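See structure below.
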Amino acid sequence: MTEKIGLFTGTFDPLTNGHLDIIKRASQHFDQLYVGIFKNDQKNPLFPTDKRVEMLEEALTNLSVTHKVKVIKHERDLTVNIAKKLDVTALVRSLRNSQDLEYEKNMFYFNLEMTGIETLFFLAKPELEPLNSTRMRELHAFGQDVSAWVPENVSRELRKLDEEKK
């Protein structure tokens with residue numbers, strides 16, 4: 001039987017409780033789930049890639065999936081190219097709303113055409129739908145406490161950023 005290998009990618013800047021929920025739920029469907037932290041040249045990150053990897057790995061220790069989940073980073077490549085190198089059997093994407101669906105439908109088409117790799121979509125739980133990294137960065141930039149929506153270790157790192165600015 002072929003091993004089921006998934007790949008869930010993002011910038012995770014910062015990591016949210018919504019991301020963790022998708023990772024936990026998706027890991028139940030794979031023998032191995034890679035979580036790829038990728039650099040996005042169109043975004044100005046709060047945290048460098050290595051720090052985001054460190055924060056995700058720490059947050060995962062609180063979930064019971066660390067034996068199945070491996071965090072990887074990549075500075076510059078298409079998700080589908082990484083997926084081919086890792087023998088991924090399915091890409092993992094999350095959908096919070098209709099805007100996500102429209103964007104992901106387009107990506108689904110090209111990913112499937114270029115690699116033949118299917119994409120599995122996980123709907124965000126209703127209470128996690130509003131969460132996204134952009135909103136967390138915006139709220140944090142205006143001095144708002146986002147600790148209810150991000151893992152504790154991420155909240156701690158955001159507070160450190162604030163201290164460094166003083």
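Every residue, even glycine, has its Cβ placed from backbone N, Cα and C.
Since this is a predicted model, take the numbers as computed values, not measurements.
Residues annotated as ATP binding site in Swiss-Prot: T11, F12, H19, E104, L128, E129, P130, L131, N132, S133, T134. Its Cβ placed at the centre, T11 (ATP binding site) has 20 other Cβ atoms within 10 Å.
The substrate binding site feature in Swiss-Prot is assigned to T11, K43, T79, R93; the stated evidence is sequence analysis. According to DSSP, T79 (substrate binding site) is assigned to a helical segment. Within 10 Å of the C-beta atom of T79 (substrate binding site) sit 21 other C-beta atoms, taking all shown protein chains into account.
The annotation site 'Transition state stabilizer' is assigned in Swiss-Prot to H19 on the grounds of sequence analysis. Secondary structure at H19 (ATP binding site), as computed by DSSP, is helix. Within its own chain, H19 (ATP binding site) has G10, F12, S94 as residues 6 or more apart in sequence whose C-beta sits under 8 angstroms from its own.
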Quick check on the binding-site residues N132, T134: which one has the highest count of other Cβ atoms within 10 Å of its Cβ?
N132
Looking at the binding-site residues K43, T79, R93, which ones sit with their CA no more than 10 Å from the CA of T11 (ATP binding site)?
K43
10 Å Cβ neighbour count around K43 (substrate binding site)?
12
Does P130 (ATP binding site) have same-chain partners at least 6 apart in sequence with Cβ under 8 Å from its own Cβ, and which are they?
R96
